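Asker: Can you keep this structure in mind? I'll have questions shortly.
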Amino acid sequence: MGSDSKELLGIEPLELRFPFETKKQISCSMQLANRTDDYIGFKVKTTSPKKYCVRPNSGIVPPRSTSDVIVTMQEQKEAPPDMQCKDKFLVQSVMVAEDTSAKDITGDMFTKKSGNVVDEVKLRVVYVPPPKPPSPVREGSEEGSSPRHSLSDGSNLNYQEVRSANITAWFNSQEMQTTREPDDPLSLAAVKSQKDQEGFTSETSALISKLTEERNSAIQQNNKLRQELDLVRRELSKQNGGFSFAVVAAIALLGILLGFIMKR
C-alpha cells in the first residue's frame, strides 16, 4: 500500500456547527472523502464522549469514495456562557488491507505501537443561533389570487413597502399637526375660522329647514283656499240661476195678464 500520502482522508467541514437549543437533541454531519487508491480505516474521538453520539464512530472508506458521519449532541439544560464551546473532535485514519471489515477496526490500530502511519485531523465545535422560522404567507399571495395587491409588471416596488411608506407619511402629518404650539396665531385663527364656518353652516341649515316648512304650509293653505273658492262659486252659480228663472216666470205671467186685460 502507498504510505507516501500524509492526508489519508479529506474531512468537510472542519468545524462542527450546532444550531444550539436547550432541551433538544441537535445533529450535524461531516463527510470523509478517500481520494487514494487504498482502503482507509477511521475512528472518531471527542473530548466529551457523554455529551455526543457519533454514528458510525469507526469504519472503512473504500478507495475513491466517501462516507458520512452523523454527530448528535444530547439535550442540554442550559446554554454555555457567551455560547462558547471548548469541545473538540479528533478523526484518526490509517491504511488497512482490502479484506479488513469495519468490525476489525480497533483503537489499537491508531496507536504508535501498532507501527501504522496515523493521520489525525482535529475539529472544533461551534454553537450558532437556531434558524428563524419562516414568516407566514399572506392571503392572496398564492397563485390564482387577485392581482390587486401587486403593482404593474416590471415594477421593482413592493406593495408592502409602498403601503408602509403611505402609513408612515400619514402618521408624520398627524404628528406635525398635533405638535404645533397652541398659542400659534395661525393655529388659533384656523380653529376659529373652522368653528365660525361650522356655526354658520348649522344656522343656515336650520333657516333653510324653517323656510321649507313655511313654504309647504303656504302651499297647503293656498290649495285649501282654492277649494273653498270653487265651492263658493258653485253656490253662487246655483243661486243666480234660480233667481233668473223666477224673474222670467214672473214677467211671463205679467205679460199674460196684461194681454188678457187689453183684449177685454
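The backbone N, Cα and C atoms fix where each Cβ goes, and this holds for glycine too.
TrEMBL: automatically predicted annotations, no manual curation.
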Asker: Checking feature assignment: coiled coil per TrEMBL, candidates 40-67, 208-235. Which range matches?
Answerer: 208-235
Asker: Could you give the number of helix, strand and coil residues in the domain 'MSP' (8-128) as assigned by DSSP?
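Answerer: Once the DSSP states are binned, the domain 'MSP' (8-128) shows 13 helix, 62 strand, 46 coil.
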Asker: If you average per-residue pLDDT over the coiled coil (208-235), what number do you get?
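Answerer: The answer is 81, the mean pLDDT of the model over that range.
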